[in-house]
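K.L.:
This is the feature table in Swiss-Prot:
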BINDING   12-18, 42-44, 255, 281-283, 321-323  GTP binding site
BINDING   13, 14, 15, 16, 40, 41, 42, 43, 124, 138, 176, 191, 253  IMP binding site
BINDING   13, 42  Mg(2+) binding site
ACT_SITE  13  active site, proton acceptor
ACT_SITE  43  active site, proton donor
BINDING   249, 250, 251, 252, 253, 254, 255  substrate binding site
């Protein structure tokens, strides 16, 4: 077996955490590795009514038989990492690549203090942009320089590639979404690095020939936090009428809501090299679909929407989320692949 990468197709908050958790429980990876920018993105997973919001530890932590690795491309805030390790009780499984660059208090201050970043761009204020600047200038500290992290250091590419060579399954999760990519997103209203599947693979040290599948996650009603173009954005009143009111996991800011954007989704699927698509929020599209776990039980409206998505992205929709709980999902991978 090789690796599967899961990334966001819009502007983040697509429900990747839920999809990662489901694939982890069903496919049983030996390693769940995290790529992406850093603790500027939050992933939420809900199990048995209990919500977990994580910013550093891979959201697949809910699958207890996998090692949890953070790739060298990810910025690490030691305080956030250690707090999550303690809260989630994953100290025996969580490891950080020794080359990860470190977010220091000065980076957070610079992020929050910059009028350009905080007012114009709408940064999350977590220090990622300024830390990446230091990394590019080759002055950033690395995880190996931080005494508090010494018990958690690893060579992530070595572990991931050895597992793949041994025929074991590795799950790699990204953060944020395609629309926030520094290269392909709605520049300058983007994050501080690329967020596509190729970049996520690079973050954890996996070459393209090792990747078997790329699952791109879209939500029925795309959302974005902060400033920037949003072609299909709907008025807040319209979103409220539909019962869609959401807040960001990290910032607590209200998310902007939009209608499905097939053209953007197609471009995102193309650049990410999607082999499968996951759709979340079908229960927001049609409340009668809440908690449904079989394709046959979806309403005609929901089925028509899924068929439209497949026409737009030209890739099979294999996973359909029908609610926040882990078990509220339709898995069509056996039928469609």
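If you go along the chain as it appears here, the first residue is 1 and each next one adds 1.
Every residue gets a Cβ built from N, Cα and C, even glycine.
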K.L.:
Which number gives the other C-beta atoms within 10 angstroms of the C-beta of residue 253 (IMP binding site), all protein chains shown included?
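P.N.:
Cβ-Cβ neighbours of residue 253 (IMP binding site) within 10 Å number 13.
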K.L.:
Note down the number of other Cβ atoms within 10 Å of the Cβ of residue 176 (IMP binding site), including every protein chain shown.
P.N.:
25
K.L.:
I'd like to know which of the binding-site residues 42, 252 has the most other Cβ atoms within 10 Å of its Cβ.
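P.N.:
The largest 10 Å Cβ neighbour count belongs to 42.
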K.L.:
If one measures from the C-alpha of residue 252 (substrate binding site) to the C-alpha of residue 124 (IMP binding site), what distance in angstrom results, rounded to a whole number?
P.N.:
10
K.L.:
Would you mind sorting out which of 13, 15, 40, 176, 282 (the binding-site residues) have a C-alpha within 10 A of the one on residue 255 (substrate binding site)?
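P.N.:
Among 13, 15, 40, 176, 282, the ones whose Cα sits within 10 Å of that of residue 255 (substrate binding site) are 13.
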K.L.:
Inside 10 Å of the Cβ of residue 13 (IMP binding site), count up the other Cβ atoms and send me the figure.
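P.N.:
The Cβ of residue 13 (IMP binding site) has 25 Cβ neighbours within 10 Å.
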K.L.:
Taking DSSP as the reference, which of helix, strand or coil describes the residue listed as 'active site, proton donor'?
P.N.:
strand
K.L.:
Taking only C-alpha atoms and a 10 A limit, tell me which of 18, 44, 254, 282, 322 are near residue 176 (IMP binding site). These are the binding-site residues.
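P.N.:
Matched binding-site residues: none.
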K.L.:
Counting only residues 6+ away in sequence within the same chain, which have a CB under 8 Å from the CB of residue 18 (GTP binding site)?
P.N.:
44, 45, 46, 280, 321, 324, 326, 329
